[in-house]
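Engineer: Pasting a structure below so you can have a look.
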Amino acid sequence: MPFELPQQPAPELPERWCVFNGSLLWLQDNQLPAQPPAGCALTGQRFLGIHEGSNLFLADLVGDMPAQAGEWLPLRPALLAMPMAQVQAAARAAQLRQFFHSHRFCGHCATPLAVSADQLGRHCPSCGQVYYPRISPAMMVLVRRGRELLLARSPHFAPGMYSALAGFVEPGETLEECVHRETWEEVGVKVKNLRYAFSQSWPFPHSLMLAFIAEYDGGDIRPQEGEIEDAGWFDIDALPGLPMPISIAHRLIRHACDRIRDLEA
């Protein structure tokens with residue numbers, strides 16, 4: 001189990017700290033440190049659970065950055081730098097931090113929200129509304145046609161980078177319906193034989209990505225104006241630049257390539 005969620009830390013276990021300074025996360029030797037920066041004032045300290053045998057804590061730096069070993073990195077570069085085993089811990093901390101910062105007042109009556117002692121949610125002492133960390137489900141689909149994969153790029157992607165199709169689930173919509181809708185809207189293609197692959201919590205800012213592989217079922221590629229800059233079919237031995245290795249898109253594309261090669265063997 002990646003996370004255990006007791007109410008109190010286990011005193012016999014070591015610690016891991018996610019200390020933020022604005023949009024920056026503090027790392028030591030490219031890892032989440034075992035203790036916060038020495039001699040620094042912290043705010044928002046919170047126990048987030050047990051992850052990989054360590055008590056996980058969240059805090060924000062108050063004042064200037066400490067002049068000591070380590071570096072402050074934006075979240076994406078920090079996730080790339082740290083061991084894969086710690087990525088999920090940092091993602092949890094980033095998502096909960098965003099929730100704590102954005103849910104300070106009741107959206108119903110504007111009363112300051114109270115922190116719950118036994119859960120991560122916050123409640124309104126005036127009207128009784130309860131707020132929990134937001135999770136936004138989104139699907140990702142990799143469309144296969146023989147040994148070719150349909151990859152696309154959005155205008156905000158790094159130059160030369162392509163990825164699988166993705167989009168948020170609409171209210172009242174199933175994941176499967178979202179896959180069919182997004183592939184049609186984004187590239188004008190129909191799909192069939194959907195297969196669930198895996199999922200990933202993605203803290204930009206609070207997505208839960210659910211990845212699928214689907215087979216091509218017709219249609220000519222027609223990139224959606226304003227959303228898709230380019231799209232095309234790519235042979236698995238001639239892929240363009242791909243998303244960073246920690247992303248579910250990278251894992252999904254590599255997984256599909258491996259499956260195709262296994263079938264060809």
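Note that Cβ sites are derived from N, Cα and C of the backbone, with glycine treated the same way.
Per Swiss-Prot, substrate binding site is recorded for ARG76, TYR132, GLN200, SER201, TRP202, PRO203, PHE204, PRO205, HIS206, SER207, ALA249, and the stated evidence type is sequence analysis. For CYS106, CYS109, CYS124, CYS127, the entry in Swiss-Prot reads Zn(2+) binding site, with the evidence type sequence analysis. Residues annotated as divalent metal cation 1 binding site in Swiss-Prot: ALA166, GLU186, GLU227. What Swiss-Prot records for GLU182, GLU186, GLU227 is divalent metal cation 3 binding site. The divalent metal cation 2 binding site annotation in Swiss-Prot covers GLU182 and is backed by sequence analysis. As annotated by Swiss-Prot, domain 'Nudix hydrolase' applies to 133-256, with the evidence given as sequence analysis. Per Swiss-Prot, motif 'Nudix box' is recorded for 167-188.
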Engineer: Using C-alpha atoms, which one of the binding-site residues ARG76, GLU186, GLN200, PHE204, GLU227 comes nearest to CYS106 (Zn(2+) binding site)?
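Structural biologist: Sorting the binding-site residues by distance from CYS106 (Zn(2+) binding site), the top entry is PHE204.
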Engineer: What's the CA-CA gap between PHE204 (substrate binding site) and GLU227 (divalent metal cation 1 binding site) in angstrom, rounded?
Structural biologist: 18
Engineer: What does DSSP say about GLU227 (divalent metal cation 1 binding site): helix, strand or coil?
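Structural biologist: Its secondary structure by DSSP: coil.
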Engineer: Given a 10 Å Cβ-Cβ cut-off, pick out the one of the binding-site residues TRP202, PHE204 that has the most other Cβ atoms nearby.
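Structural biologist: For the binding-site residues TRP202, PHE204, the Cβ with the most other Cβ atoms within 10 Å is TRP202.
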Engineer: Just to verify a number: CA distance, ALA166 (divalent metal cation 1 binding site) to GLU182 (divalent metal cation 3 binding site), in angstrom, no decimals.
Structural biologist: 7
Engineer: Same chain only, sequence gap of 6 or more: which residues have a CB within under 8 Å of the CB of GLU186 (divalent metal cation 1 binding site)?
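Structural biologist: Within the chain, GLU186 (divalent metal cation 1 binding site) has Cβ neighbours under 8 Å at ALA152, LEU165, GLY167, PRO223, GLN224, GLU227, ILE228, ALA231.
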Engineer: Cα-Cα separation of ARG76 (substrate binding site) and GLU182 (divalent metal cation 3 binding site), in Å?
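Structural biologist: About 26 Å separates the two Cα atoms.
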Engineer: Drop a 10 Å sphere on every Cβ of the binding-site residues CYS106, CYS127, ALA166 and tell me which sphere holds the fewest other Cβ atoms.
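Structural biologist: Ranked by other Cβ atoms within 10 Å, the binding-site residues CYS106, CYS127, ALA166 bottom out at CYS127.
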Engineer: Going by DSSP assignments with H, G and I as helix and E and B as strand, what are the residue counts for the domain 'Nudix hydrolase' (133-256)?
Structural biologist: 22 helix, 51 strand, 51 coil
Engineer: Could you say which of the binding-site residues CYS109, CYS124, ALA249 has its Cβ with the most other Cβ atoms inside 10 Å?
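Structural biologist: Per the Cβ count within 10 Å, the most buried is ALA249.
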Engineer: For ARG76 (substrate binding site), just give me the three-state DSSP call.
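Structural biologist: It is helical.
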Engineer: Work through the binding-site residues one by one (ARG76, HIS206) and point out the residue whose CB has the fewest other CB atoms within 10 angstroms.
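Structural biologist: Least crowded of the binding-site residues ARG76, HIS206, by Cβ count within 10 Å, is ARG76.
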Engineer: Specify the count of other C-beta atoms within 10 Å of the C-beta of GLU182 (divalent metal cation 3 binding site).
Structural biologist: 23
